[in-house]
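The next block holds one structure in the form of structure tokens; read it before the comments.
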Ligand SMILES: [Fe+2]
């Protein structure tokens, strides 16, 4: 390979998340749930037709775009996947800067190309994309938007705003912080390497990996990040810990294969976000009250300055993870599908790049501290 080819190879990269595609039984109601409960705005729709019997609705909130697709016939890939997995996240699409080079590289590296470079046109220009297979039945669509100015993808038409929107509070969710997948046993390393080889991403080391939390989490984890640090993907596989099962094992059993377990949505004000999400009827997981007693004790020994009061975090079911330099706040929704597979994480960071791994231990300890009396209080 010449120096020029080498430079081109290194320069080809993932720029950002473009959108997520969920395959669901009823795209109309699933998209409406994300509008009413999480504050997304209706963006666009693409109606099914004979050559493309897929009905699609897209919603958007700041930089987060989700497309919900449903089949209108019992034949085809979506129907087959829905039978196997239930509703699930099928595709995580990335905007890329050099589609040709990334596809060339992935082909050479032996990645499965589900759809080679394809061009679609409409009045807003030409969109170029390709689709690669990744873990489980999931794919990544790589998108080149250089010559396309439409609001989403060719074939989509703008939809009306939702009348509920003006009645309900803003949820302040800004962008996708990370996407986390649970993997079948023994595939963590090969999956991580897949992103390094095919998408020019790098292993991401975070403070979480400094601690041995496997006894509590019962998982092994790794993550990758793109060069611009705008796309963070993390992965888990089952490991032997204190519990006979792990969240990765349970997830894989429920979905039937590896897949996306949660999408973490970033906010600059997690307390305001959770307050609004609850007001909209989103279901947020709660924690034992003893967790917050434990946090108060641990913070006494730390130099980190937490701006939010622990009482506020407790009231809003927000977890915290920290070291001496910073902290992150996180809360979780209950599962949003019929199967116990996908949920959302709401996250705010203050100089902390972890995923909240210490909370496996702290929630575990908090549960151990529960007495019958405190249990009743919660
Ligand atoms: Fe997460």
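Each residue, glycine too, has its Cβ placed from N, Cα and C.
Among 101, 109, 345, 365, the residue that TrEMBL places alongside 178, 262 at the Fe cation binding site is 345. Restricting the average to the domain 'VOC' (16-145) gives a pLDDT of 97. The record gives 178, 262, 345 for Fe cation. Within 8 Å of the mean position of their Cβ atoms, the other Cβ atoms in that chain belong to 177, 179, 180, 234, 261, 263, 264, 265, 344, 347, 355. Each residue of the domain 'VOC' (16-145) gets a DSSP state, and the totals for helix, strand and coil are 31 helix, 64 strand, 35 coil. A C-beta separation below 8 Å, combined with a sequence spacing of at least six in one chain, links residue 262 (Fe cation binding site) to 179, 180, 332, 342, 343, 344, 345.
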